[in-house]
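J.: One structure, pasted below without further comment.
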DNA sequence: ATTACTTGCCTTTTT
DNA sequence: GGCAAGTAAT
């Protein structure tokens, strides 16, 4: 009966068997953390704790899903379905849906994703008539998000001396006002952003003792995964929920704290022992994942950090190979090396595609790897793109559904009011917005009363048609299920038809995506609609809230036999037989944004620790001498982290670059600079052989061949002596040369002196109106 | 009002 | 090198 304990080591068993009272598990990388958590949940249930009383919080949907599945497997029954396992965001959203009315929100509140939130910020900035150049929505949103994560209210933000000084120094003193307006606007829209899901839940617990008591009694056992990544909001919530029973179990590894940019504070885990009396601490230090070499290197790396809980990872696994450090000329060569090596390893050691992961610091690095893998026909999956539900056509369709469920949702309304085009253009929308703001009503209420605001007859008509249509959808909701309503919406709005008629490749894809969306709604509606004892909310509103919290990783099959490409952040918690840690260059990793303080640098080092410990058998660390950034070539030093690796445990090689035959020849590959610097430092110059030449390589790969360019304007190459003349000298009747349009004659001059325009008839391109302030014109002859 | 093209700005990591 | 915002043209 208790055979689930059999596969555990001493420490792990200690953690599992501790049932009552606070528990902190410091779980080193690969030490069986998930196993301990899931076994502990199973053990709680085996000793009589009701699944309904157990709450387990994770950071990703995937971790939650895996945990639930593993508990089910251990228990061998379906009691696990009654567990409350989910991400912080999804669990709190679910509770808020039941309680939102208490804090003045509609229960069918909309969840704004980051794009929606930035759009609201932008709206607010525009309405406050602030300079959008200075107040960039993304920057301001980040600032607001940080404040929320730190539980700083708009009032506190405005009154805090240091925060204000910081904003003034950044020349953005109005952020406090934007923050305040943003919150009010979201509230008016009946919407919460991601941070609100934590913040509002906290407010709810803090403000209503009966609500707090209800959930304290419900969640008698609380488990938190990745505790080192919690922020102050999450910390306070856990503290409140756990205050009654103090059965709080946190699992984490301070060495893997890599989310400070999202407000995570490593202090939460460092100080857990001070938060409760009698904290039981268990350290899991035996690693079951990696070779001794990898573990040794990881330990050496992290030793350079100061602030940490002392622990040393060890393993009984084989010592394995040395870590390979590989230098290439360019980022493309890096990609090529990795793809070649994967191919070679597959052949020589019979690895499958899914045994490989290419991990990098920034998403922008994925391109070179994608290209090289595609060229070698190696299947891969890239994580970190936009999720299915963030695609334009999906968001447009979903916006209809959002508006049907929540009429206050201004972002949804703005998205679809003229999609498909029905003649409600920018001018009209601006007018609606202005009126709505001055009368302090929502845009929708404005539309419902459009007849009172003096729109032109035609405009009024289309507005009223729109209102009638949306209302008819809403009334459908009362009698029909979410899928039927969604299907009807697609039909009635002509959206589906319009996409169906678009026969371009992208159009076809968009059409298929919409079909997939409809299928997913259908699946949602038809999946079992109650978990034992608790009716699951199958409304359209619940569906919409749920999909906003899905990431692109949630749509992908982790077991697919493909090479995985992702950022190191996304790889936390995963393991692969063979790992390529790419782009180990100064300014990239550690990233230029994170080298200004000791704290930042230590977090970068923890990131490096994370990537090293993802590998089970083999680890390559690669870097390029030069790489493209924003389309131009930059040169970087090797990362300082490479210097921190113990020399006895690594092999350094040079994988060369470009095409071997023509490395010093004239030709096809790379710039002169690349070819010239190709030969220096010949550590293992035969490495090309060692890593095996890819089969049947062309001398000039097709990706380097010049591409024919399509031009719409008739070609004109400016004369060699082209020089722009002073615009004030231009007069009617002159022959002029334009850099792109070619030769022509000035027909007419218009505009005032600040906004001079010329009508020119070009020999090749017809008449054009040219703004003289910007155009570069050469006067060929003066007829005066 | 809508489209088609040019420009400017960018990138750190994400529930 | 790529996307969103701004602008010229129908």
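Each Cβ is built from the backbone N, Cα and C atoms, and glycine gets one as well.
Please treat TrEMBL annotations as automatic predictions, because they have not gone through curation.
Annotations per TrEMBL:
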type: BINDING; residues: A:27, A:28, A:29, A:30, A:31, A:32, A:33, A:34; note: ATP binding site
type: DOMAIN; residues: A:6-291; note: domain 'UvrD-like helicase ATP-binding'
type: DOMAIN; residues: A:292-573; note: domain 'UvrD-like helicase C-terminal'
type: REGION; residues: A:684-708; note: region 'Disordered'
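Give me the structural setting of these features: burial, nearby parts and distances.
T.: Long-range Cβ neighbours of residue A:32 (ATP binding site) (same chain, at least 6 residues apart, Cβ-Cβ under 8 Å): A:8, A:9, A:12, A:284, A:288.
Averaged over the domain 'UvrD-like helicase ATP-binding' (A:6-291), the predicted model has a pLDDT of 93.
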J.: Around residue A:34 (ATP binding site), how many other C-beta atoms are within 10 angstroms of its C-beta?
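T.: There are 17 such Cβ atoms around residue A:34 (ATP binding site).
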J.: Around the ATP site (A:27, A:28, A:29, A:30, A:31, A:32, A:33, A:34), what further same-chain residues have their C-beta within 8 angstroms of the site's C-beta centre?
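T.: Sorted by sequence, the hits are A:36, A:253, A:284, A:287, A:288, A:289.
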J.: Ten-angstrom check, please: count other Cβ atoms within 10 Å of the Cβ of residue A:33 (ATP binding site), all chains counted.
T.: 22
J.: Among the binding-site residues listed here, A:28, A:30, which has the most company in the form of other Cβ atoms within 10 Å of its Cβ?
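T.: Answer returned by the neighbour count: A:28.
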J.: Specify the count of other C-beta atoms within 10 Å of the C-beta of residue A:31 (ATP binding site).
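T.: There are 26 of them.
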J.: Most Cβ neighbours within 10 Å: which of the binding-site residues A:27, A:29 is it?
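T.: Compared across A:27, A:29, the most Cβ atoms within 10 Å surround A:27.
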